[in-house]
Amino acid sequence: MLCALLLLPSLLGATRASPTSGPQECAKGSTVWCQDLQTAARCGAVGYCQGAVWNKPTAKSLPCDVCQDIAAAAGNGLNPDATESDILALVMKTCEWLPSQESSAGCKWMVDAHSSAILSMLRGAPDSAPAQVCTALSLCEPLQRHLATLRPLSKEDTFEAVAPFMANGPLTFHPRQAPEGALCQDCVRQVSRLQEAVRSNLTLADLNIQEQCESLGPGLAVLCKNYLFQFFVPADQALRLLPPQELCRKGGFCEELGAPARLTQVVAMDGVPSLELGLPRKQSEMQMKAGVTCEVCMNVVQKLDHWLMSNSSELMITHALERVCSVMPASITKECIILVDTYSPSLVQLVAKITPEKVCKFIRLCGNRRRARAVHDAYAIVPSPEWDAENQGSFCNGCKRLLTVSSHNLESKSTKRDILVAFKGGCSILPLPYMIQCKHFVTQYEPVLIESLKDMMDPVAVCKKVGACHGPRTPLLGTDQCALGPSFWCRSQEAAKLCNAVQHCQKHVWKEMHLHAGEHA
């Protein structure tokens with residue numbers, strides 16, 4: 001009895017809204033009445049469809065999203081000067097988003113023929129009016145109808161839907177021997193678990209149905225199961241075809257061997273942090289070749305240490321690093337430039353805190369027995385003459401080095417995976433057939449996209465754009481160590497030469513120092 005009472009209002013509502021007369025097709029019920037505004041008007045069921053079908057959740061698609069946005073803007077009264085003709089023209093414009101000319105023309109005809117019904121719907125509740133209008137014009141499809149009409153994907157669609165990890169195109173990577181890293185291991189473990197379940201005749205959709213859908217109740221559980229079946233079939237097929245390592249490698253969760261060394265922070269002796277370069281270590285000591293040696297490092301750092309006895313602020317160290325190579329002997333000037341260019345971030349942190357010998361040990365140019373080490377070729381980049389001549393700023397070189405490393409990191413498989421995910425996110429607003437084609441396009445053209453990003457990350461251009469590098473400029477008073485005056489100029493012969501103050505120091509400082517020394521003697 002209770003069930004009958006609950007059913008009675010819906011039956012009465014359907015009877016009241018049902019057409020009393022009309023074509024024979026109207027006798028087929030609401031499935032036919034509510035397919036669009038034209039049919040509903042012909043069957044006299046506009047009111048019923050508006051309240052029972054068109055106000056329900058809709059399937060996501062580009063025409064539907066555009067239509068609902070425009071309908072919401074047209075119906076919210078934000079433009080009080082908009083006439084009814086203006087509103088109808090906006091709604092008619094959305095019909096152009098339909099995929100075929102025939103459906104677009106039919107949509108425009110309905111807007112023109114049933115303008116009063118459309119305006120009436122737009123004046124309704126703001127939260128339901130856009131969906132009602134757009135579903136009535138066939139720009140949106142009710143979600144329940146969309147899921148009910150889905151069919152399993154064909155073999156051709158399945159191949160495209162499983163991209164990128166099933167695509168045999170640009171993302172076919174060389175297999176690695178063993179998974180490494182926490183992310184890779186987690187991926188392999190998860191895929192192995194799913195494959196074991198698949199082997200026991202449980203599909204991936206079944207696993208999710210058991211965990212997710214059963215708790216939703218009988219009404220939503222059917223929609224949930226239908227949805228999962230359609231979208232997990234491609235992944236289920238991939239699980240049956242590929243081993244775990246292959247799936248995770250193709251998905252970008254496992255890196256290839258021989259990834260480029262990266263900068264790592266390590267805890268140094270005496271508790272001083274060292275930005276040590278992640279250079280490849282060998283069991284035997286590197287044979288010394290042309291480049292930066294332990295002796296060059298010691299010479300440069302000792303000179304810096306001597307200059308900075310009274311002022312060892314980070315700014316002063318940075319300025320000293322820019323000038324130190326100009327006072328080095330000509331035989332090691334080139335090596336000095338390489339040293340400063342490669343290790344300046346570490347030197348700035350370390351010079352003020354520890355002895356020169358420890359500095360050179362920290363950056364691995366001096367071993368325990370002070371045997372010579374060579375800087376790895378990948379980092380031994382001599383600054384171009386233009387850079388030295390322009391004096392572009394202390395942060396310029398670091399900025400360019402940072403962007404160069406970032407550009408190289410674009411080759412990382414995990415980075416490529418993240419970029420692909422970002423690009424494919426834009427495909428999600430398209431209807432399913434277009435979404436598959438969009439994702440396939442992104443996968444096919446991934447090398448071109450990555451290369452374009454690398455071109456946009458030109459280190460010199462970007463660093464100039466953000467102001468890290470500037471054109472030639474004369475050092476201002478207070479930004480140069482020579483601006484400290486005689487207390488710095490006359491500290492040593494090298495400092496006097498550096499500041500062009502040899503005569504001044506000889507006449508006013510060193511001469512007086514010799515006189516005082518003679519008096520005390």
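Placed from the backbone N, Cα and C atoms, the Cβ positions cover glycine too.
Swiss-Prot annotations:
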type: SIGNAL; residues: 1-17; note: signal peptide
type: DOMAIN; residues: 19-59; note: domain 'Saposin A-type 1'
type: DOMAIN; residues: 60-144; note: domain 'Saposin B-type 1'
type: DISULFID; residues: CYS64-CYS140; note: disulfide bond
type: DISULFID; residues: CYS67-CYS134; note: disulfide bond
type: DISULFID; residues: CYS95-CYS107; note: disulfide bond
type: DISULFID; residues: CYS184-CYS254; note: disulfide bond
type: DISULFID; residues: CYS187-CYS248; note: disulfide bond
type: CARBOHYD; residues: ASN201; note: N-linked glycosylation site
type: DISULFID; residues: CYS213-CYS224; note: disulfide bond
type: DISULFID; residues: CYS294-CYS366; note: disulfide bond
type: DISULFID; residues: CYS297-CYS360; note: disulfide bond
type: CARBOHYD; residues: ASN311; note: N-linked glycosylation site
type: DISULFID; residues: CYS325-CYS336; note: disulfide bond
type: DOMAIN; residues: 392-473; note: domain 'Saposin B-type 4'
type: DISULFID; residues: CYS396-CYS469; note: disulfide bond
type: DISULFID; residues: CYS399-CYS463; note: disulfide bond
type: DISULFID; residues: CYS427-CYS438; note: disulfide bond
type: DOMAIN; residues: 475-515; note: domain 'Saposin A-type 2'
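Features recorded in Swiss-Prot, as mapped to the structure shown.
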| residue | record | Cβ contacts under 8 Å, 6 or more apart |
| --- | --- | --- |
| CYS67 | disulfide bond | VAL91, THR94, TRP97, PRO130, VAL133, CYS134, LEU137, LEU139, CYS140 |
| CYS95 | disulfide bond | SER104, ALA105, CYS107, LYS108, VAL111, LEU137, LEU139 |
| CYS360 | disulfide bond | CYS294, CYS297, MET298, VAL301, CYS366 |
| CYS438 | disulfide bond | LYS424, GLY426, CYS427, LEU430 |
| CYS463 | disulfide bond | CYS396, CYS399, LYS400, LEU403, CYS469 |
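Neighbour density around each Cβ, counted as other Cβ atoms within 10 Å, peaks among the disulfide-bonded residues CYS187, CYS254 at CYS254.
Neighbour counts were taken at the CB atom with a 10 A radius for the disulfide-bonded residues CYS64, CYS140; the maximum falls on CYS140. Over the domain 'Saposin B-type 4' (392-473) the predicted model carries a mean pLDDT of 71.
Looking only at Cα atoms, CYS187 (disulfide bond) sits nearest to CYS64 among the disulfide-bonded residues CYS64, CYS325, CYS336. Relative to CYS336 (disulfide bond), the disulfide-bonded residues CYS64, CYS248, CYS254 all have Cα atoms farther than 10 Å away. Remote same-chain partners of the domain 'Saposin A-type 1' (19-59), defined as residues 6 or more beyond its termini with a Cβ less than 8 Å from a stretch Cβ, comprise 13, 68, 106, 109-110, 113-114, 117-118, 121, 128, 131-132, 134-138, 140-144, 146-147.
Taking CYS184 (disulfide bond) as the reference point, the disulfide-bonded residues whose C-alpha atoms are within 10 Å of its C-alpha, out of CYS64, CYS248, CYS325, are CYS248. Per DSSP, the secondary structure of the domain 'Saposin B-type 1' (60-144) breaks down as 59 helix, 1 strand, 25 coil. According to DSSP, CYS438 (disulfide bond) sits within a helical segment. Here the CA atom of CYS64 (disulfide bond) lies 39 Å from the CA atom of CYS254 (disulfide bond).
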